[in-house]
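Have a look at the structure below before the remarks.
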Amino acid sequence: MLRFAVLGHPVAHSLSPAMHAFALESLGLEGSYEAWDTPLEALPGRLKEVRRAFRGVNLTLPLKEAALAHLDWVSPEAQRIGAVNTVLQVEGRLFGFNTDAPGFLEALKAGGIPLKGPALVLGAGGAGRAVAFALREAGLEVWVWNRTPQRALALAEEFGLRAVPLEKAREARLLVNATRVGLEDPSASPLPAELLPEEGAVVDLVYRPLWTRFLREAQERGLKVQTGLPMLAWQGALAFRLWTGLLPDPSGMEEAARRALGV
């Protein structure tokens, strides 16, 4: 039987078990997908268990960066991004990948979001790094903003991007919220409505709540919008393919996540 899990802290409300249960069932595979609460200090011990008994695991906060030092091999893309979200176990060896970046691009394509720049990524943390890397690899002009300007400058220098003030949002054709704004406080938005562009698309990686203030205001402006669930589903589907060689239906995984969210 195939064993999978998501490791992170906290993971009690993770949507990954619901998505991967759909993937296993839809492809007729016998297996399980667990949620393992794993604080940072518990990571080495957990990975020993993975070496022994699991086909693969997903990693979420706060483990994506720390895991690199504990793996036998890390893909060049994951090394550049500085984060691993998918681990494959083969004969006791652990191989690390990042499916966040390609998952983001696949979600845009599936949702009919034009890959047109300039693209402004709000946030220079782990999610922001993956998104900025993906958009740059797709050939877009990429701008980055962060509440702490030094972090935006560091990311821009590392990836060959441009750190910009928030006011540049008006000139962007693709806006991506890769911050946690809107998660703890649903009434908050990372961007004042008056700074939204006149045309283009907006993506919010926050999916609790699913329709954030940021997305609602963008939709009212007439912009094309996408919630955080398509990227979540696509990164999960690509991880599942790394583990099994089979690609589950991302739209089915997204629907499973919606049901788990209760929306």
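The backbone N, Cα and C atoms fix where each Cβ goes, glycine too.
Pulled from Swiss-Prot:
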type	residues	note
ACT_SITE	LYS64	active site, proton acceptor
BINDING	SER14, LEU15, SER16, THR60, ASN85, ASP100, TYR207	shikimate binding site
BINDING	GLY123, ALA124, GLY125, GLY126, ALA127, ASN146, ARG147, THR148, PRO149, GLN150, ARG151, LEU205, GLY228	NADP(+) binding site
Query: Neighbourhood of the shikimate site (SER14, LEU15, SER16, THR60, ASN85, ASP100, TYR207): other residues with Cβ within 8 Å of the Cβ centroid, in order?
result: VAL6, ASN58, LEU232, GLN235, GLY236
Message: Give me the count of other Cβ atoms within 10 A of the Cβ belonging to THR60 (shikimate binding site).
response: 18
Message: Long-range neighbours only, meaning 6 or more apart in sequence with Cβ under 8 Å: which ones does TYR207 (shikimate binding site) have?
response: LEU15, THR227, GLY228, LEU229, LEU232, ALA257, LEU261
- line: Long-range Cβ list for ARG147 (NADP(+) binding site), cut-off under 8 Å, min separation 6+ in sequence, same chain only, gives THR179
Query: List, in sequence order, the same-chain residues at least six positions removed whose CB sits under 8 Å from that of GLY125 (NADP(+) binding site)?
result: ASN146, ARG151, ALA178, THR179
Message: Quiz question: given the recorded positions LYS64, ARG151, which has the greatest number of C-beta atoms lying within 10 angstroms of its own C-beta?
response: LYS64
Task: For the binding-site residues PRO149, GLY228, work out the Cβ neighbour count at 10 Å and name the residue with the minimum.
output: PRO149
- line: Nearest to SER14 (shikimate binding site) by C-alpha distance, among the binding-site residues GLY123, ALA127, PRO149, is ALA127
Message: Let me make sure I understand the span of the NADP(+) site: among GLY123, ALA124, GLY125, GLY126, ALA127, ASN146, ARG147, THR148, PRO149, GLN150, ARG151, LEU205, GLY228, what is the greatest distance between any two Cα atoms, in Å?
response: 26
